[in-house]
Amino acid sequence: MEPPMEQSGGEQEPGAVRLLDLPWEDVLLPHVLNWVPLRQLLRLQRVSRAFRALVQLHLARLRRFDAAQVGPQIPRAALARLLRDAEGLQELALAPCHEWLSDEDLVPVLARNPQLRSVALAGCGQLSRRALGALAEGCPRLQRLSLAHCDWVDGLALRGLADRCPALEELDLTACRQLKDEAIVYLAQRRGAGLRSLSLAVNANVGDTAVQELARNCPQLEHLDLTGCLRVGSDGVRTLAEYCPALRSLRVRHCHHVAEPSLSRLRKRGVDIDVEPPLHQALVLLQDMAGFAPFVNLQV
């Protein structure tokens with residue numbers, strides 16, 4: 001795209017080259033604007049019509065959009081303008097829009113961007129199954145999705161996601177309290193083979209049935225967050241230890257039915273667990289690592 005002609009505000013030195021005289025497609029867009037924070041670009045477009053055209057062209061070519069880069073809060077009209085021409089997005093994060101973002105705001109954006117691979121909608125409580133259905137059906141390459149604190153996500157919504165997202169690898173369902181074991185079991189059976197990271201934190205409806213099914217169907221699972229899942233117990237953790245060789249981190253804080261013996265096998269494999277071992281176990285580990293046996297009375 002050629003830069004539009006615009007009158008200079010003053011005289012230009014002979015031989016001088018203005019920023020906008022540089023090739024837009026080959027120089028300014030890939031090598032300049034890509035390194036300028038989005039908030040600064042929005043200010044830049046107020047300078048002149050030419051700068052506005054340049055910024056709009058940049059926005060249309062965006063691959064990644066994070067509303068947090070604009071500010072802690074972003075008005076509905078501003079988001080619509082920013083994403084009006086974007087058709088190549090691969091990453092979309094809209095958490096700062098959580099107070100007002102609706103299906104009507106989101107669905108058109110999803111329809112224009114079928115290449116999306118990562119979508120973050122944490123806390124967006126005004127959405128519904130319709131938005132999730134549009135995402136699942138229209139974005140087959142989706143790999144990462146955050147629906148944390150989206151109370152509207154229920155078993156039916158999750159089933160639709162599991163049926164239509166073959167590339168799904170990371171899923172955050174923190175505090176999606178309508179989800180029960182049956183929905184997680186379905187997810188595991190449909191998409192478990194590719195799942196690497198899953199959060200079911202802060203959901204008292206999730207228990208050992210779901211965890212055991214995840215373990216048996218998710219051989220590549222690396223990160224599992226069960227924080228506050230009060231129905232999860234030692235049986236589920238033992239199954240994880242048996243069937244998940246790739247597991248690297250496990251979060252079980254406030255899971256009061258998970259006992260240390262079920263965690264010890266994972267600890268020996270080097271899995272990062274957010275619950276400290278009992279004092280006796282800690283002293284034994286210290287003895288093994290540093291050879292402090294003569295100085296430690298393990299009977300205390």
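Just so it is clear, glycine is given a Cβ too, placed from its N, Cα and C backbone atoms.
Taken from Swiss-Prot as is:
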MOD_RES   Met1  N-acetylmethionine
DOMAIN    19-66  domain 'F-box'
REGION    113-269  region 'Interaction with SMURF1'
REPEAT    141-162  repeat 'LRR 1'
REPEAT    167-188  repeat 'LRR 2'
REPEAT    194-215  repeat 'LRR 3'
REPEAT    220-241  repeat 'LRR 4'
REPEAT    246-267  repeat 'LRR 5'
Averaged over the repeat 'LRR 1' (141-162), what pLDDT does the predicted model reach? 97
Within the same chain, where does the repeat 'LRR 3' (194-215) have neighbours whose Cβ lies under 8 angstroms from its own Cβ atoms, ignoring anything closer than 6 residues to its ends? I mean 6 or more beyond. 148, 166-181, 184-185, 188, 221-233, 235-237, 239-240, 242-244, 246, 251
